[in-house]
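Structure record follows, encoded as structure tokens.
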Amino acid sequence: MSNTLFSLAFGVGSQNRQGAWLEVFYAQPLLNPSAELVAAVAPVLGYEGGNQAIAFSNAQAAQLAEALKGVDAAQAALLTRLAESHKPLVATLLAEDAALSSTPEAYLKLHLLSHRLVKPHGVSLAGIFPLLPNVAWTNQGAVDLGELAELQLEARLKGELLEVFSVDKFPKMTDYVVPAGVRIADTARVRLGAYIGEGTTIMHEGFVNFNAGTEGPGMIEGRVSAGVFVGKGSDLGGGCSTMGTLSGGGNIVIKVGEGCLIGANAGIGIPLGDRNTVEAGLYITAGTKVNLLDENNELVKVVKARDLAGQTDLLFRRNSLNGAVECKTHKSAIELNEALHAHN
């Protein structure tokens, strides 16, 4: 067995009455843990290689804490706490970044993103949806939907209320980790698996999906859909939209470059280069016909928006007299044609 792992984490989670995992919380996930640490934990867990989620007991947690005292003080301290747990424990060891095969593995990779250990598209999430059970997220934690009605009745009979915040496959990120240096006005609008860079502010209308996020700093008042990554210094205006890779965006990875502004209620279905501006209310899809204007506001040619994907210093606007979508640049007609030719 190799002592090299892609990732390792010790977690505490929730299971339904059949013992199936509903969710897992990893306080201190590790990316590329040291060979010494792997060698210390493998015999205690009976790990012999591959990608595995191994349930372990409180007694094993204490053993692991002892084994790691001289190797990794932070992990040893965590395991000392886990040894006192009244909830089920699991160690997830990933030898490689491969397609997912269990719920604890899926939760570990979502944690890696939200802990900023990997960036969106930096880890394989293939097969994630069937492994994330649809769960009632309540003020008493994750509840299996088949067990919810009974628990609601039990709570009422005690004079209590079991409040259901959402019914979803993904929990909110802040119940698992709050990254340093961020503001999130409505935490329910950021899913676990979002990457929120330092200096990011997400206002009430902002939303960030899993495997998506921001480099930071930046202001998010619109929707950052699955797979979308927003560069530093960019501003997404109120109610604006970025087309995700899950619905409508196909396999095109939509990216927002640095220093961009997407106006209120605008939207993009193409990747933006640096310092692009999209006028409020204008939605650009890949097939949108665009009048390309040069530095003198002269028409150079009519192109599809996808031909302008990734180009820098563009202003997308709608002509209020004739409704045509225009792209204004600071370049000459010759420079524009060269840029388009290079892009193709």
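Each position is counted from 1, following the chain as shown.
Placement of Cβ uses the backbone N, Cα and C atoms for every residue, glycine included.
Per Swiss-Prot, active site, acyl-anhydride intermediate is recorded for Glu221, and the stated evidence type is sequence analysis. Within the same chain, residues at least six positions away from Glu221 (active site, acyl-anhydride intermediate) with a Cβ under 8 Å of its Cβ are Ile202, Met203, Glu205, Gly206, Asp235, Leu236, Gly237, Gly238, Gly239, Cys240, Ala264.
Annotated Mg(2+) binding site per Swiss-Prot: Glu205, in sequence order. According to its DSSP assignment, Glu205 (Mg(2+) binding site) is coil.
Taken from Swiss-Prot, the feature succinyl-CoA binding site applies to Arg223, Gly238, Ser241, Ala264, Glu279, Ala280, Gly287, Lys304, Arg317, Arg318, Asn319, Ser320. Cβ-based neighbour count (10 Å, all protein chains) for Gly287 (succinyl-CoA binding site) stands at 10. The secondary structure of Gly287 (succinyl-CoA binding site), as reduced to three states from DSSP, is coil rather than helix or strand.
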Sequence-ordered list of residues in the chain of Arg317 (succinyl-CoA binding site) that lie 6 or more positions away and have a Cβ within less than 8 Å of its Cβ, or none, is Glu279, Leu282, Val325, Glu326, Cys327, Lys328
Within 10 Å, the Cβ with the most other Cβ atoms among the binding-site residues Ser241, Asn319 is that of Ser241
Once DSSP output is merged into helix, strand and coil, Ser241 (succinyl-CoA binding site) belongs to strand
